[in-house]
Ligand SMILES: O=C(O)C(=O)C[C@@H](O)[C@H](O)[C@H](O)COP(=O)(O)O
Ligand SMILES: [Zn+2]
């Protein structure tokens, strides 16, 4: 069992990582935060696999719980789905002392968290990540959101969970592409902050060491969250690969998943940075080899024009500038503001392999 305290300007909370914790999650919740009534929010895939274990454990711990199940997929991460969740909470007469439990991957946590942020102007919620991506990234830091037709995560709130409970046994049921999605964010953490983690991922697979590797990743992410919870500066480094990645997700109508799009986005940023002489050492070749190792894509299937158009909606755009995150060396990236007129040149350099 591993424990880590996340500090943020929106509150401090524990992350508990323990294989098999879903079986006794009710008791674990009762020892950390006192709760009588909960709504478990999950998608149809996770419902089939883990909802009964969780619901039974909550009941044994004396927590009255109802369940809301939504259709999986990024295309359902919408305000309409959140409205349905809000209506369900109201029907169940949830009050300000009651709690939402998000059981699932990043999409589930983002929507359940956003619902918690706005229902009755804010109630508590717990993150129970069941994917690698949610465990090492989305469950920590309080970014909650839905997509708009204009782009990814364009409406949301900063709303921190009260507790994060992670059972790495759930990773054993992940489809290979969902497994790879999580590895993309892990490689990102290595690229922006920890060259030792990057080299570990080059040499060893993480499967036999989940508790340590999740802890290591959460401490990287939590370091940025503690220094800049509301994403106005240094936290934006966590967006390495995301400006182009979000554009790729949008251009693909979300048929390319988040981690896969971020993998391509990181490669584009690396190629552009290397060509423009921003890198202090070669980064493109080692990044490509580690992405290949985890079966992640490295080439952009869209034109530079369509990527530029989609990227103009990025949240890191401030007027006529957009903040890119570019690698200097493995384990170190920098924030690199670019005027909008120069964006096409960066995107072109990132797409072209010569
Ligand atoms: O927590 C952060 O900060 C991140 O940027 C982590 C990202 O991996 C994550 O995908 C996040 O949701 C993207 O944030 P956004 O502000 O670009 O929507
Ligand atoms: Zn991400």
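Please read every residue number as a count from 1 along the shown chain.
From the backbone N, Cα and C atoms, a Cβ is placed for every residue, glycine too.
Automatic, uncurated: that is what TrEMBL annotation is.
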Same-site Zn(2+) binder from 242, 295, given that TrEMBL records 185, 258: 242
Counts of helix, strand and coil residues, the domain '3-dehydroquinate synthase C-terminal' (182-316), according to DSSP: 94 helix, 0 strand, 41 coil
For the domain '3-dehydroquinate synthase N-terminal' (68-179), residues assigned helix / strand / coil by DSSP: 49 helix, 33 strand, 30 coil
Residue with minimal Cβ packing [other Cβ atoms within 10 Å] among the binding-site residues 130, 170, 172: 172
Rounded distance in angstrom between the Cα atoms of residue 170 (NAD(+) binding site) and residue 185 (Zn(2+) binding site): 18
Same-chain residues at least 6 apart in sequence whose Cβ lies under 8 Å from residue 185 (Zn(2+) binding site): 132, 133, 136, 137, 217, 259, 262
Residue 258 (Zn(2+) binding site) and residue 173 (NAD(+) binding site), Cα-Cα, nearest whole angstrom: 19
